[in-house]
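Over in TrEMBL, the protein carries these features:
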DOMAIN    13-95  domain 'Shikimate dehydrogenase substrate binding N-terminal'
BINDING   Ser21, Ile22, Ser23, Thr68, Asn93, Asp108, Tyr235, Gln263  shikimate binding site
ACT_SITE  Lys72  active site, proton acceptor
DOMAIN    123-210  domain 'Quinate/shikimate 5-dehydrogenase/glutamyl-tRNA reductase'
BINDING   Gly132, Ala133, Gly134, Gly135, Ala136, Ile233, Gly256  NADP(+) binding site
DOMAIN    256-283  domain 'SDH C-terminal'
Amino acid sequence: MIHITGHTKLTGLLGSPVAHSISPMMHNEAFSALDLDYVYLAFDVSPQELPQAVEGLKAMGARGFNLTMPHKNAMAKLADQLSPAAALCGAVNTIVNDNGILTGYTTDGIGYMRAAEAAGFPLPGKVMTLLGAGGAATAILVQAALDGVSEIRVFNRKSPTYEKAQALVEKLNEKTDCHVTLHDLDDTDDLCDSILSSQVLTNSTNVGMAPNEDTCLIGDLSVFHKDLVVSDIIYNPRETKLMAMAKSQGCPAFNGLYMLLYQGAESFRLWTGRDMPVELIREKYFT
Ligand code: ATR
């Protein structure tokens, strides 16, 4: 049980919609387990009201908050300072308030890297084929490049997202040791060649997500070679068509559920300085 006192520190989530979010359960359970005097609430905030909501939380001395759709990019412009990864992404999913100074972080990419490690597939030094270049893909791409993945081939269809990704790809090649290249998703030969010479294939698009479970960006089973690990950031359904295809060819595959858990764990650490009891939270909310 959370005991609200005169000292309770406020954290929470700003987004729209937020009612479905698992974050309040995850954080409040963890605060309670560690006997921390914090509370986490979800607030449905429209884009127009984001600046006032942020000012209000700051004025009330909130410890910090998460941002979800549609506020991640707008919040990057409202924060006083950004972590290196958040600056590269141009997006923020976590704010820490230190005496009125708001620092923006992005923990989605960290969540992905930790999830891969927890699944038994640490990614530093590996070659990755990344499907998608949107918000989630950008977070993964930036963190993977910062954390020592040796090469990342990003595949997106030719679209405004593709055009936007070009500048980020250039920046990552300049600022990190990772070799990053951008490719046309509709060039299937190029995609197949890339997967055949990668150790990890990551789907960070929403293709395959419910209610379109029957869709998959990969049509050819022969790309699933014996040294490939497949991951999907989707967790609804728990096993996407891509994962099922990979498993049918003997490739291990994991979904996006633990990315969600570990991005939350990293926000929790930034606010409290403590490690989230991930085993407990996993058992209760992530099975
Ligand atoms: P999120 O924040 O969840 O990453 P997003 O930023 O809208 O959402 O990114 C969605 C990604 O899925 C993008 O890379 C998108 O490609 P486009 O921006 O070019 O549309 C990709 N995507 C979505 N539907 C797709 C489809 N049918 N085929 C290929 N890529 C698709």
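Glycine is treated like the rest: Cβ placed from N, Cα and C.
Projection of TrEMBL feature records onto the structure.
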{"residue": "Ser21", "record": "shikimate binding site", "contacts (Cβ under 8 Å, 6+ apart)": "Leu13, Gly15, Ala42, Thr68"}
{"residue": "Ser23", "record": "shikimate binding site", "contacts (Cβ under 8 Å, 6+ apart)": "Leu13, Tyr40, Ala42, Asn66, Gly264"}
{"residue": "Lys72", "record": "active site, proton acceptor", "contacts (Cβ under 8 Å, 6+ apart)": "Ala91, Val92, Asn93, Thr106, Gly135"}
{"residue": "Asp108", "record": "shikimate binding site", "contacts (Cβ under 8 Å, 6+ apart)": "Asn93, Ala136, Ala139, Ile140, Gln143, Met259, Gln263"}
{"residue": "Gly132", "record": "NADP(+) binding site", "contacts (Cβ under 8 Å, 6+ apart)": "Val154, Phe155, Asn156, Asn203, Ser204, Thr205"}
{"residue": "Ile233", "record": "NADP(+) binding site", "contacts (Cβ under 8 Å, 6+ apart)": "Tyr112, Ala136, Ile140, Thr202, Asn203, Ser204, Asn255, Gly256, Met259"}
Can you name the far-off residues of the same chain, 6+ from the ends of the domain 'SDH C-terminal' (256-283), with a Cβ under 8 Å from a Cβ of it?
9, 11, 22-23, 26-27, 29-31, 33-34, 36, 38, 63-64, 66, 93-94, 96, 105, 107-108, 110-112, 114-115, 118-119, 231-235, 238
Going by DSSP, is Asn93 (shikimate binding site) sitting in a helix, a strand, or coil?
coil
Binding-site residues whose CB lies under 6 angstroms from ligand 1, from Ser21, Ser23, Thr68, Asp108, Gly135, Gly256:
Gly135
Is Gln263 (shikimate binding site) helix, strand or coil when read with DSSP?
helix
For the binding-site residues listed here, Ile22, Ala133, Ala136, which shows the highest count of neighbouring CB atoms within 10 A?
Ala133
Cβ-based isolation winner (fewest other Cβ atoms within 10 Å) among the binding-site residues Gly134, Gly135, Gly256:
Gly134
Specify the count of other C-beta atoms within 10 Å of the C-beta of Tyr235 (shikimate binding site).
18
Other Cβ atoms within 10 Å is the metric here; tell me which of the binding-site residues Thr68, Asn93, Gln263 scores highest.
Asn93
Roughly how many Å separate the Cα of Ala133 (NADP(+) binding site) from that of Ile22 (shikimate binding site), to the nearest whole number?
25
Going by DSSP assignments with H, G and I as helix and E and B as strand, what are the residue counts for the domain 'SDH C-terminal' (256-283)?
22 helix, 0 strand, 6 coil
Three-class DSSP secondary structure - Asp108 (shikimate binding site):
helix
How does the domain 'Quinate/shikimate 5-dehydrogenase/glutamyl-tRNA reductase' (123-210) divide up by DSSP, counting helix, then strand, then coil residues?
37 helix, 21 strand, 30 coil
Between Gly134 (NADP(+) binding site) and Tyr235 (shikimate binding site), the C-alpha gap once rounded to whole angstrom:
17
